[in-house]
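Lifted from Swiss-Prot, the feature list:
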type: BINDING; residues: Gly10, Leu11, Ser12, Gly13, Ala14, Gly15, Lys16, Ser17; note: ATP binding site
type: BINDING; residues: Asp61, Ile62, Arg63, Thr64; note: GTP binding site
Amino acid sequence: MDFQVFIITGLSGAGKSQSLRILEDLGFFCVDNIPPKLVPTLIDLCLATNGKISGLAVVIDIRTENFLESFKEMVEIIKSRNIPYKILFLEAKDEVIVKRYNETRRIHPLLKEGGTILESIRLEKEKLWEIRNLATDIVNTSDFSIKELKEVILKIVTSLNTTVKPNFLITITSFGFKYGVPIDAHLVFDVRFLPNPFYDPKLRPFSGKSEEVRGFVLSKKEARDFIEHIKKLLDFLIPLYEEEGRTVLNIAIGCTGGRHRAVVIADEIFFYLAPKYNTHLLHRDIEKDVHILK
């Protein structure tokens with residue numbers, strides 16, 4: 001996506017920090033609670049990365065000194081440089097904000113000694129009224145789930161640039177069941193039904209990265225069929241995960257020791273997905289049985 005700036009402001013307790021986390025998942029470089037005067041400098045630093053940082057998202061709240069004046073000045077600088085930008089103003093019903101503060105036990109930034117949260121909310125609304133009028137988008141989060149907030153923010157971001165997509169990260173891990181299933185796995189595939197190279201004395205010393213073991217495993221029709229079924233399943237599932245708002249998918253492929261069969265199958269799935277997605281590969285247990293094999 002072309003470089004763009006996303007400014008989050010609004011009422012305390014309305015979801016600014018959560019919105020920033022969502023934008024981080026969308027590939028923005030994110031900074032929380034930054035003074036408006038520093039934003040133009042931060043933009044320069046981002047642009048100097050030659051495209052490595054394609055979007056900047058910042059949270060600016062009322063605690064900044066000379067908030068209104070410096071905020072307006074920041075917006076004018078961004079406009080003068082013809083940088084696409086959005087100002088998202090978040091708000092919520094008074095009772096919802098009070099409930100959120102009671103649940104988190106955090107202190108409202110404008111809460112004065114002896115005052116109440118409601119009084120602080122009303123004071124903040126007064127101070128932010130002019131900023132609200134500058135907003136390109138105003139969102140009331142009173143009845144939003146996190147998923148619904150994600151959907152709204154994605155729509156706002158794509159209105160700036162239609163090519164934006166979440167940074168969807170896929171990690172493929174081969175493992176041995178004898179060492180335990182990866183605790184962060186979303187999908188687990190058991191390949192212990194495949195013939196085991198461990199029982200061939202000539203293949204036993206090699207890992208699934210070797211041509212010898214790869215050739216043995218992939219020569220089996222059931223292995224090739226299994227790989228094709230997994231590819232079709234992932235082609236079906238991954239777009240649904242993306243649509244749902246997920247940004248991480250951990251796929252675990254296991255055999256007995258995690259040295260032979262799982263490594264081969266994990267490699268094949270990685271080779272298939274890597275050209276289309278941000279994909280990482282980890283062979284967790286490939287070296288754990290080496291001392292046994294010698």
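The backbone N, Cα and C atoms fix where each Cβ goes, glycine too.
Rounded to a whole number, the C-alpha distance linking Asp61 (GTP binding site) with Leu11 (ATP binding site) is 8 angstrom. Listed binding-site residues: Ser12, Ser17, Thr64; maximum Cβ neighbour count within 10 Å falls on Ser12. Neighbouring residues of the recorded ATP site, listed in sequence order and excluding Gly10, Leu11, Ser12, Gly13, Ala14, Gly15, Lys16, Ser17, comprise Asp61, Leu90, Glu91, Ala92, Ile97, Thr141 (Cβ within 8 Å of the Cβ centroid).
The two recorded residues, Leu11 (ATP binding site) and Ile62 (GTP binding site), have Cα atoms 9 Å apart. Secondary structure at Gly10 (ATP binding site), as computed by DSSP, is strand. A straight line from the CA of Thr64 (GTP binding site) to the CA of Gly10 (ATP binding site) spans 13 Å. Within 10 Å of the C-beta atom of Asp61 (GTP binding site) sit 18 other C-beta atoms, taking all shown protein chains into account. Taking the mean position of the Cβ atoms of Asp61, Ile62, Arg63, Thr64 as the GTP site, the remaining same-chain residues with a Cβ inside 8 Å of that point are Asn33, Ile60, Phe67, Pro109. For the pair formed by Arg63 (GTP binding site) and Ser12 (ATP binding site), distance between Cα atoms is given as 10 Å, rounded to the nearest Å. Shown are the binding-site residues Gly10, Gly13, Gly15; the one with the most C-beta atoms within 10 angstroms of its own C-beta is Gly10.
By the criterion of other Cβ atoms within 10 Å of the residue's own Cβ, the least surrounded of the binding-site residues Lys16, Arg63 is Arg63.
Residue environment of Ala14 (ATP binding site) contains 26 other Cβ atoms, counted within 10 Å of its Cβ in all protein chains.
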